[in-house]
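Taking it in order: structure first as structure tokens, then the write-up.
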There are 2 protein chains.
Amino acid sequence: MGLKVYVDRMSQPSRAVLIFCKVNGIEFDEVKIDISKGQQRSPEYAEINPMKNVPAIVDGRFKLFESHAILVYLACAFPGVAEHWYPGDLSRRAKIDSVLHWHHSSLRSGAAPYVFNAKLAPLFGLRVNPHVAVQAKTLLIDSLAKIETIWLKGKGRFLLGSSQPSIADLSLVCEIMQLELLDEEDRNQILGPHKKVQQWIEDTRHATRPHFDEMHSVLFKVKEKLAKMSAEGGTAKTHAGNKNQMLSKM
Amino acid sequence: MGLKVYVDRMSQPSRAVLIFCKVNGIEFDEVKIDISKGQQRSPEYAEINPMKNVPAIVDGRFKLFESHAILVYLACAFPGVAEHWYPGDLSRRAKIDSVLHWHHSSLRSGAAPYVFNAKLAPLFGLRVNPHVAVQAKTLLIDSLAKIETIWLKGKGRFLLGSSQPSIADLSLVCEIMQLELLDEEDRNQILGPHKKVQQWIEDTRHATRPHFDEMHSVLFKVKEKLAKMSAEGGTAKTHAGNKNQMLSKM
């Protein structure tokens, strides 16, 4: 039994795991868990990941969830993975762990609720919590400023001053890519001041081509649909037929 | 230059790092960063941890922050650490990483804002966000249920069915200990249904004695003061002199 990767490409940590496998030539079967259909809540999937989210992996008889733990495991378990993704050196590894743990309560806690409250909820006529939206945007902008001034402080093009990407670069950039769903003006306002962050996204994309673009293509398709919906009416009230289908892709 | 550990014992991840060092006989200098005095925001401390929070360590010339990354580093860097804290086996290690990453967006995201909104803010006459309080309590209870039914599912007394504690047990139990600051009735309502969790807290405490009790003593002192304040007036309006001093300990 080979490696199975349970994902939905609309989920940013799912894309990070998929890109990592592709870039490193790890053979795997991609099993789509369609979150728009609630497949992550099925009894069958709960046997694989009782937390009922994506991504998860099954490697032989070994089951694992939480994308950062998966990336670390894959980097260590598959001998073909290049050293720079998760170096054997204890200090360098600890620094990457530090970024990965920081991510949860900062960038992720800002980006995901902001995209939902600023773009998706209004578009689909769902209840927006303005307090949450404001708090999330503040956290998101603060997190990007910290990436710019602290994690990207070094001479290298990647986090921690490295000249090649690690699993932390991949995870954080996939998170930021979710901002593509925002209105162009809003996204530019948020990312605009962070020149190093913008360059780093491009560098990470470039270092993981063509898989980066392939795995993000679904995000850009949804972005196009959202832009069309926005242009047509401002809310999705006139698109009842599309509502569940679209929301299920977020 | 030996190991320096920058902490405030009122911070739950600080206590986890301190207990870990003590239990494993790691020699270190404890440097208090008094968050009640804003010492974490000083320019001197920003040189050690630019994220301006605790804990952080300096080991020789190596600087590190984020408590989970610190625990992993210490477990790997100090040869005297018993295997069970962070086993060398890749699969067992990956499972512990999975718990550590899960912690951020679940237990921690529930417990910390709930304790603040339910107990500390009203007591000090600070603005409470009822929506955040309700959301945080729901997440906290859901996280405890998941620990009970998923992470403590196995036969062992500790997480992942282990017979001895790992760094994940230590981190999560120190987080839950922060609930001691709640009113007794509220705490019992939250923890009461989770019998395995209660036993696990006791088992972790027992496995790390006497350091567990020593490092938590400041928490119990603050708890006593809070109880006294609650009994005297319901809010801290009549305790203006204590307000900054007390809040600074949360």
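Cβ atoms are placed via backbone N, Cα and C, with glycine included.
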When TrEMBL is consulted, the range among B:11-30, B:91-110, B:151-170, B:231-250 described as region 'Disordered' turns out to be B:231-250
Grouping DSSP H, G, I as helix and E, B as strand, the residues of the domain 'GST N-terminal' (B:1-82) number 35 helix, 18 strand, 29 coil
Helix, strand and coil residue totals from DSSP for the domain 'GST C-terminal' (B:89-229) stand at 114 helix, 0 strand, 27 coil
